[in-house]
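Inspection log for the structure reproduced underneath, given as structure tokens.
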Amino acid sequence: MTDIHAQRILILDFGSQYTQLIARRVREIGVYCEIRAFDMTAEELAEFAPKGIILSGGPESVTAAQTPRAPQAVFEAGIPVLGICYGMQTMAEQLGGKVIAGEKHEFGYARVEKAEPNALLDGIVDHEEQGKEFLDVWMSHGDRVGEMPAGFVATATTGSCPIAGMANDEKRFYGIQFHPEVTHTLQGGRLLERFIRELCECEALWTPSNIISDAIDTIREQVGTDEVILGLSGGVDSSVVAALLHKAIGDQLTCVFVDNGLLRHQEGDQVMEMFADNMGVKVIRVDAEDNFLGKLAGEADPEKKRKIIGNTFIDIFDDEASKLQNANWLAQGTIYPDVIESAASKTGKAHVIKSHHNVGGLPEDMKLKLVEPLRELFKDEVRKIGLELGLPYDMVYRHPFPGPGLGVRILGEVKKEYADTLRLADHIFIEELRAAGLYHKTSQAFAVFLPVKSVGVVGDARRYEYVVALRAVETIDFMTARWAHLPYDFLELVSSRIINEIPGISRVTYDISSKPPATIEWE
């Protein structure tokens, strides 16, 4: 069996907003990687045994005291190192060069001129003019390298940043001031592939079929002959987990589909048809609407709502597991960004933005052990795994749906009346997006219930009824997103249908906030 983790890249995180994007680009090249904090110890580094190391960007200034530095072991390991933006600057400083505060900051598109030949950039070019080669790149920096360490040559330059790239081919140390991980750097993919496949000499072992084979072996070794219980929601992550576990352990898997009253339109019937009827998976359907709504009654705080929903799910799983003779494991659809975002990152000094349903709301006294076969994967990788396992395209590429469901799309207190109203509004919005061919042109779209009343007119009568907001965004990575510029006539159609077909709604609004500063979900 191929060890798909053997040839791997280590990404040391200095707090960049793009760090996860670096990891996704490495995975796309077919090589496993992990993100670790910048202050990894020499022992941890040796144990991880990477084939190469990438130093991420970051918001700090190398010129300030007490700012993050890479472990010295990084430069003593005898393996290739690529420093990106801040990573290049700390590499230069730590190896004897100098970093200075730039007189002119560079943010956004830039054209860099290639300079000295080197193994990283040779043959990679966007434009040639008068015998010179140029790259179109994305910059985001204030400081710059003013003096390179001994043994380095300048590989790229701009008018305001004379050393926009540097290289020491003998030691295989490379620094670039721009960001190859973002799509605005047109040759970024080629550059990263050059570093990983050629300079680090990594094979492309991280493929969907290999990941599935490895996951099956790991699952079988982990759970043995025990039974596994999985909370099946119908979302992408839990659906892929169900298909993967069913392939690995067959009837040892029992899925519990909890109808909590906070699901999408007809979602329960669709889940049962797909998994129980078509795939032969054992699925127990639990009607728990009254249970959930009872516990949520009177609670308006979003974080508390998430915790209530998470804990209630676990209580139900525990109860169902107690009915199964051998059930010792709870399977979850936790994915890699869940793990990263739910950790209080010391590199970015980040607050936990939201407690993820999968990893942030589990009680300490939970009786079941966890099995999380997607924990190493990004969302795009999960989708590829789903297709490889034979799940339908429309299910695999369905828009994301939060674990707490409509509970975090109803602002404030959750009531059955609100959930029923929102479910119908959301259904109309999604139905019309599909009919107009716009569903897959948006990354995520949904309706939000606002617990405020607005005046409306029906016939000659005034009425005060609720407001629904529509939200649709376009994004590549869900870390940043822009609001989707849907046609006005389309929005008019959706608004008209919602107001005319759903009792209790008098007004429909469209959310035109981007992320940041807003988040995609309202709670």
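Residue numbers in this text run from 1 along the chain shown.
Glycine residues also receive a Cβ, built from the backbone N, Cα and C atoms like all the rest.
Straight from Swiss-Prot, the features:
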- Cys85: active site, nucleophile (ACT_SITE)
- His179: active site (ACT_SITE)
- Glu181: active site (ACT_SITE)
- Ser233, Gly234, Gly235, Val236, Asp237, Ser238, Ser239: ATP binding site (BINDING)
- 8-205: domain 'Glutamine amidotransferase type-1' (DOMAIN)
- 206-398: domain 'GMPS ATP-PPase' (DOMAIN)
Using C-alpha atoms only, work out the spacing between Glu181 (active site) and Ser233 (ATP binding site) and round it to an integer in Å. 33
When neighbour density is defined as the number of other C-beta atoms within 10 angstroms of a residue's C-beta, which of the recorded positions Glu181, Asp237 has the lowest density? Asp237
Whole-number Å distance separating the Cα atoms of Ser239 (ATP binding site) and the residue listed as 'active site, nucleophile' is 39
Cβ within 8 angstroms of the Cβ centroid of Ser233, Gly234, Gly235, Val236, Asp237, Ser238, Ser239: which residues besides those meet this for the ATP site? Leu232, Val240, Val241, Gly333, Phe401
Take every residue in the domain 'Glutamine amidotransferase type-1' (8-205), average their pLDDT values, and give the whole-number result. 93
Long-range Cβ environment of Gly235 (ATP binding site), under 8 Å and at least 6 residues apart: Gly333, Arg398, Pro400, Phe401, Gly403
Rounded to a whole angstrom, what is the C-alpha distance between Asp237 (ATP binding site) and His179 (active site)? 30
Ser239 (ATP binding site) has how many other Cβ neighbours within 10 Å of its own Cβ? 25
Which one is closest to His179 (active site) in space, judged by CA to CA distance, out of the recorded positions Cys85, Ser233, Gly234, Val236, Ser238? Cys85
Between the residue listed as 'active site, nucleophile' and Gly234 (ATP binding site): CA-CA distance (Å): 41
Sequence gap of 6 or more, C-beta under 8 Å: which same-chain residues meet both conditions with respect to Ser238 (ATP binding site)? Leu230, Gly231, Leu232, Gly333
If you measure between the CA atoms of Cys85 (active site, nucleophile) and Val236 (ATP binding site) and round to the nearest Å, you get 35
Enumerate same-chain residues with a sequence separation of six or more from Ser233 (ATP binding site) and a Cβ-Cβ distance below 8 A; give 'none' if the list is empty. Phe257, Val258, Leu263, Val271, Gly333, Phe401, Gly403, Gly405
The residue listed as 'active site, nucleophile' in three-state DSSP notation: coil
Three-state secondary structure, Val236 (ATP binding site) (per DSSP): helix
